[in-house]
Amino acid sequence: MKLKFSWDTGIGIGIILFGVFILLNALNMPDMPLGLGPGDFPEIVSIGLIICGFILTFQSFFISEKTKKIYSKSSVKDVLILIFISLLYVYLVKYIGFLYLTPFLMLATMYLFGYKKLPYAIVISVIFTLLVYYVFYGIFKVPLPQFSLFLNRRDKSPK
Amino acid sequence: MINYWVEGLKIALQPNNLLLMLIGTVGGIIVGALPGVTSSMGIILLLPFTYYLDPKSALLMLAGMYSGSMFGGSISAVLLGVPGTPSAAATLIDGYPLGRQGKAGKAIFTALIASFSGGILSGIVLVFLAPILASFALRFSPIDYFALAIFGLSIIASVSGKHLLKGIISGLLGLFISTVGIENIRGSTRFTFGISQLSAGFELLPVLIGVFAITEILMELEQKGQETKIQHRISEVFLTKEEFKSIIIPILVGAIIGIVIGVIPGTGGTIATFLAYNVLKNISKRKEKFGKGAVEGVAVVECANNAVTGGAMVPTLALGVPGDVVTAVMLGAMILIGVRPGPLLFQATPDLVYSFFAGWFIIQFMMLVVGFVSTLTAPYILEIPKKILMPIVLIFAIIGSFAIRNSLYDVAIALIFGLLGYFMRKHNFPATPLILGIILGPMAEQNLNRALILSGNDYTVMFKSPISLTLLILAVLSILLGVISGKREGKVGGVKKWREKMK
């Protein structure tokens, strides 16, 4: 019988490895004379993960998954771009500030979603950012990141 | 007791609280109506607005969002042929054909009356049952709490549907995540790998925002925010006298089934609606009308749907164990606004509990009025394009994860969990078990530790305490129930197929 390798096979193996990694870490933690040691609960969890990982891997050899492709190239690209620009936003916002950077993130996201009317997109992004800034910074007093590119960062930026 | 009610009513009737409940209810109806924005997501996105409120007011606002979104789901089911929330899937069966017959207004109006009745009737059960359950739970010893956490985790079986193994893996990952950071036993750090931010563990909210909001945005991005066209216009709204009479029995059937299913942890709206629909169809004299546009069909489903809300709040409030997916998120939301559900809540802050109870009923009446207005304005709400909506949701998600402790690190966590949630969703790993694991993990670990210290490392103590034993047996039953209903899911969950058939 020919064994089939699928996404689930890989995920199953990944879970086993992750379980083993937790287990090895947990086994190094000290035991307690009475009650649970800090490693005991993670040990139980890791053993559960290893067992489930084995079952998933084993099942994946025999249960054929739907032949439908799980990922399409273009959608994965879009998803990764969105996460990347959002993480970039998180990195840059402490220098540029919420007020100036957020419209760009919104514009980029709208573009990714296929919104092509640029003038409308600009108006919506700016108005929405101003509104959110006013509500959260003005009313709720959330210390949203401010422009601090040329200032001493330690004084201005949140952690 | 009367004093508590008077005090609770006073708090709920304060003008600012009334306004917050109204905002919550309106927001809930809009969120419920918009396909792609679920009740859970609505509750999470509302959270940043509630940090700055008194916990009582915040809880009332969240309750408005919860109840409103349950009704809102029916609007898109009727007008778009797409359920706005998973539990409105069964509303499609009769709601959509009613729309085709030009009775979309009647279908939504029926849904509104039924949702209102479900909310009120389940609210009555909530206010009677939750305090009794809570006072009983005061007798719980640490090992009973451990068994309760296991019982709570057993609902993984039912929320996972047919992907039980993947649900368990997701739950175990959640349990692991709950162990990251400073542990409660010796005060040492675990699994931080030298990253100082990890020593405080993972904040619940960024994780919630990640797996519920960001993941949803990424899933929508795949479709490029594909819009669903409005299929039906609102015309007749009011029901005739005969139609009114015909929905009384369905409402009662829906209420009973919804409340019972809601109270049992691990069941939830989708199961209750399909079960109530089938029961009514079997006892009805006009079986042939079902599926072709019977107002009774809409009434029973929508009543059951909203009856679940009050029912599911019973174990959530009294025991701190969620009744279904949405209450799991509600439980997380409550913890974040500083309300720790469980038996002690009723003793320590009765004013909060009773203001919530009083607010619950006020919200149902608000929903009746706002729901009626939204019936007329619904087509405009549904025209908000996802291409604009999703970027707005993203900004809210970023603000929400930032505002909890003013940390950009939490925003990054939300984004990473969003990507993890996307990967999980693509491979059929349900996200709710992950959240259950994170919430219930510390409860299980700390109480097992206490119980073992008290009993001198005797593990059999969990079978010696009658309460713990009962809870463990219930956990086993809950898993069996989940496995059985998971197997049946394929039979009842085929909304897509059904829709194609209708076309």
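Every residue, even glycine, has its Cβ placed from backbone N, Cα and C.
Marked as domain 'DUF112' by TrEMBL: B:18-436. For the domain 'DUF112' (B:18-436), the mean pLDDT of the prediction comes to 87.
According to TrEMBL, the transmembrane segment annotation covers B:20-47 (among others).
Long-range contacts of the transmembrane segment (B:59-82) within the same chain: residues 12, 17, 20-35, 38-39, 42-43, 46, 49-50, 53, 88-89, 91-92, 95-96, 98-99, 104, 107-108, 111-112, 115, 119, 228-232, 234, 269, 298, 302, 305-306, 308-309, 326, 330, 333-334, 337, 339, 352, 355-356, 359-360, 363-364, 366-367, 370-371, 374-375, 378-379, 381-382, 499, 502, each at least 6 residues beyond the stretch ends and with a Cβ under 8 Å from a Cβ of the stretch. Sequence annotations record features per position, and here TrEMBL assigns transmembrane segment to B:59-82 (among others).
Per TrEMBL, the feature transmembrane segment maps to B:107-133 (among others). Within the chain carrying the transmembrane segment (B:107-133), a Cβ under 8 angstroms from the stretch's Cβ atoms is held by residues 67, 70-71, 74-75, 78-79, 91, 94-95, 98-99, 234, 237-239, 243, 247, 250-251, 254-255, 258-259, 262-263, 295, 298-311, 313-315, 317-319, 346, 353, 357, 360-361, 363-365, 367-368, 371-372, 375, 378, all 6 or more beyond its ends.
Per TrEMBL, the feature transmembrane segment maps to B:145-161 (among others).
Look at TrEMBL and you will find B:167-186 (among others) tagged as transmembrane segment. Long-range contacts of the transmembrane segment (B:167-186) within the same chain: residues 153, 156-157, 159-161, 192, 198-202, 207, 424, 429-442, 444-446, 449, each at least 6 residues beyond the stretch ends and with a Cβ under 8 Å from a Cβ of the stretch.
Residues annotated as transmembrane segment in TrEMBL: B:198-219 (among others). Long-range neighbours of the transmembrane segment (B:198-219) within the same chain, counting only residues 6 or more positions beyond its ends whose Cβ lies under 8 Å from a Cβ of the stretch, are 36-38, 40-41, 44-45, 47, 177-178, 180-182, 189, 191-192, 329, 332, 335-336, 390, 393-394, 396-397, 400-401, 404-405, 410-411, 413-422, 424-425, 431, 434-435, 438-439.
Sequence annotations record features per position, and here TrEMBL assigns transmembrane segment to B:247-280 (among others).
Residues or ranges marked as transmembrane segment by TrEMBL: B:317-337 (among others).
TrEMBL lists B:357-382 (among others) with the feature transmembrane segment. Here the transmembrane segment (B:357-382) has long-range neighbours at 5, 8-9, 11-13, 17-18, 21-22, 24-26, 29-30, 33-34, 59-60, 63-64, 67-68, 71-72, 75-76, 79-80, 105, 108-109, 112-113, 115-116, 119-120, 123, 126-127, 230, 233-234, 237, 310, meaning same-chain residues at least 6 beyond its ends whose C-beta is under 8 angstroms from one of its own.
Among the features that TrEMBL reports, transmembrane segment is placed at B:394-424 (among others).
TrEMBL lists B:467-486 (among others) with the feature transmembrane segment. Remote same-chain residues near the transmembrane segment (B:467-486) are listed as 139-141, 143-144, 146-148, 150-151, 153-164, 264-267, 271, 461 (criterion: CB distance under 8 Å, separation of at least six residues from the stretch ends).
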When counting Cβ pairs under 8 Å to the transmembrane segment (B:247-280), the leader among B:20-47, B:145-161, B:317-337, B:394-424: B:317-337
